[in-house]
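So that you can see what the record holds, here are the features copied from Swiss-Prot:
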BINDING   7-36  FAD binding site
ACT_SITE  His474  active site, proton acceptor
Amino acid sequence: MAANEYDYIIVGAGSAGNVLASRLTEDADVTVLLLEAGGPDYRFDFRTQMPAALAFPLQGRRYNWAYETDPEPHMNNRRMECGRGKGLGGSSLINGMCYIRGNALDYDGWAAHAGLENWTYLDCLPYFRKAETRDAGANAYHGGDGPVHVTTSKPGNNPLFAAMVEAGVQAGFPRTDDLNGYQQEGFGPMDRTVTANGRRASTARGYLDRAKTRPNLTIVTHAVTDRVLFSGKRAVGVAYLHHGNAVNAQARREVLVCSGAIASPQLLQRSGVGRSTWLRELDVPLVHDLPGVGENLQDHLEMYIQYECKEPISLYPALQWWNQPAIGLEWMLKGTGIGASNQFEAGGFIRTRDDDLWPNIQYHFLPVAINYNGSNAIKMHGFQAHVGSMRSPSRGRVKLTSRDPNAHPSILFNYMADPLDWREFRDGIRITREIMRQPALDRYRGRELNPGAELTTDEQLDTFVRMRAETAFHPSCSCKMGYDDMAVVDNEGRVHGMEALRVVDASIMPRITTGNLNAPTIMLAEKIADRIHGREPLARVDTPYFVANGVASRKQESATV
């Protein structure tokens, strides 16, 4: 084989790219080049390795692309944060470590589209199990020997977690013991991608640690991919910058784009694959007119409903610098304590109205009052619910702004563009207030800090959402899978109209899933890896799962305030 020639070139060492790199190199006769624009996942850096430090990577640019949106027209024209991971592990290196697979009906909804019939939940479940090692043990829903370590909530954690779950049940919503099991709907403990010794379980740790010593895998960090190289309509390699030096690499079989929902469409467009009118604006030579590239962009928007805590049991003391050395030392030496948890140990999914087919609102409970990125901490004991809608009908786009591979694209999520968005956020605030006023929280609940109890009308709540709602960091769907005119890839990630070119990451989701996106992204990469290998897919299972089928979203005899 010629120098700098490989069977497969993978662009992006994130949640999907690391899965493919690991699985493809299980075959010793297959050579893989894995390119990552960021650096290594330094294991000595507490900012990415300590679960409780999850806000730190979002505050800088070493591990975060720190994109910003265009002014969002329905959000007071705010330019909103769009953090994405940079480094081995991608966004699994900087995310909140919540392991949520989505609802079974998400995948059944994908499979309802012509050509995607093999993406039902029961087709996907074997791949969720394949990827996972859950500390509570394997069962029909969970795996026991996969690369991703998943930890469950343990006795002795902050009492606010149990109180918030109990309050949700007292408000009439279901209790579920496993948000990734038979029934997602309801309130319960949240699984997290954290190792047994309290470290972040990124895909770099889970997948690359298994694969990086293989002689058939070459990993190059600080490699910014400029464009995919083509011979006609066939992808034959990539051009990239390594520490600023131009390098070409050849792919004998395929180029696999795994750069995420922002950078994957950007790379395709820069390479000449996308909407011809957009490319013409920047004099990008057209390889293939594919108008769906960068369209259909989706995300989860969320808000923080915050309360004062009457008892001194919140994480507020952990925010004080004088307490942090002891927390860090316990974590470093023992892998225990506050530092060993992402502190998202409870949450839930609800239907706000009986005619919703599956949950449309997600909750993360946090025993402190602070923004996700560590900003705007309330200077007192407090707690909060992160509340967000799950399947907004609003759609955005990613658009190339320059042929410079270091330039950021134009990003517009078009948040809150549909009347349904406003209804769901108003419902979310009002239902959350009901939950927070339940007896289970009486001993802890102080005054409402945000939005503030004085805000009650639709107009007041809408103003709060415009001013304060933030991204949940779940961009997706911008290179969607399917066979309609706006689809970008087929049911195995192959780019329509092209040869030897795939996209494999969250951008190929036809519709965003109900919950966090790391677990679904790993699953779809595992599933497509088998197809790249030419293997038969894992057999569809017949494991039961909950479908509401008209069941009321909450018990009417519950306490309401």
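The first residue you see is number 1, and the count goes up from there.
Cβ coordinates come from backbone N, Cα and C, glycine included.
Swiss-Prot feature annotations superimposed on the structure.
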residue: Asp7; record: FAD binding site; contacts (Cβ under 8 Å, 6+ apart): Leu24, Val30, Thr31, Val32, Ala251, Arg252, Arg253, Glu254
residue: Val11; record: FAD binding site; contacts (Cβ under 8 Å, 6+ apart): Gly17, Leu35, Thr225, Val228, Val238, Val255, Leu256, Val257, Cys258, Ser259, Leu267
residue: Ser15; record: FAD binding site; contacts (Cβ under 8 Å, 6+ apart): Gly89, Gly90, Ser91, Ser92, Thr203, Asp505, Ala506, Asn518, Thr521, Ile522, Ala525
residue: Val19; record: FAD binding site; contacts (Cβ under 8 Å, 6+ apart): Ala131, Thr203, Tyr207, Ile522, Ala525, Glu526, Ala529
residue: Arg23; record: FAD binding site; contacts (Cβ under 8 Å, 6+ apart): Glu526, Ala529, Asp530, His533
residue: Asp27; record: FAD binding site; contacts (Cβ under 8 Å, 6+ apart): Asn216, His533
residue: His474; record: active site, proton acceptor; contacts (Cβ under 8 Å, 6+ apart): Asp299, His300, Ala506, Ile512, Asn516, Leu517
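Leu35 (FAD binding site): 25 other CB atoms within 10 A of its CB, across all protein chains. There are 22 other Cβ atoms within 10 Å of the Cβ belonging to Thr31 (FAD binding site).
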